[in-house]
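Taking it in order: structure first as structure tokens, then the write-up.
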Amino acid sequence: MESYGLGQLKNFEYLDHTADIMFHTWGKDLKEALEQMVLIMNNYMVELDSVELDDSATEQTISVNGHDMDSLLFALLDEFLFVFSTEFIIFKQVQIISFDRENFSIKAIGKGVELDKSKHTTGTEIKAITYSCMKIEENPDKSDIHVIVDI
């Protein structure tokens, strides 16, 4: 199975927030920061260090649309959360392969395995993505994203 040079979790931090949990990710550009956001969401539910991409690994293509950047970010996270919640696939690698800023659409490939509680260290369940305090900041050399999720 080809890996398509899928990105791996590296740029993130958990920030305390009174309501739930806020994720902060960053990257050299918005695409990398978005990939990191999907990965940190998965990492919060299952420690990605405990996930091995073996012969059982599967790749899924996720396509989402929005009406602005915030709704696009929401849709991306919500779709990956839906796959985890319904198919129990934990994604260890994510790569955005198409990012249309004018039409607010993203196509991403996620590579992961089915959750196995005997092998994987589980974290906290995420119930929903929220728009609360959602922030996307783009600068020439770095992009940052903040998202609060309901746990």
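The backbone N, Cα and C atoms fix where each Cβ goes, and this holds for glycine too.
For Asp20, Asp150, Ile151, the entry in Swiss-Prot reads Ca(2+) binding site, with the evidence type similarity to another entry. If you draw a 10 Å sphere around the CB of Asp150 (Ca(2+) binding site), it holds 13 other CB atoms from the protein chains shown. Following the DSSP three-state reduction, the secondary structure of Asp150 (Ca(2+) binding site) is strand.
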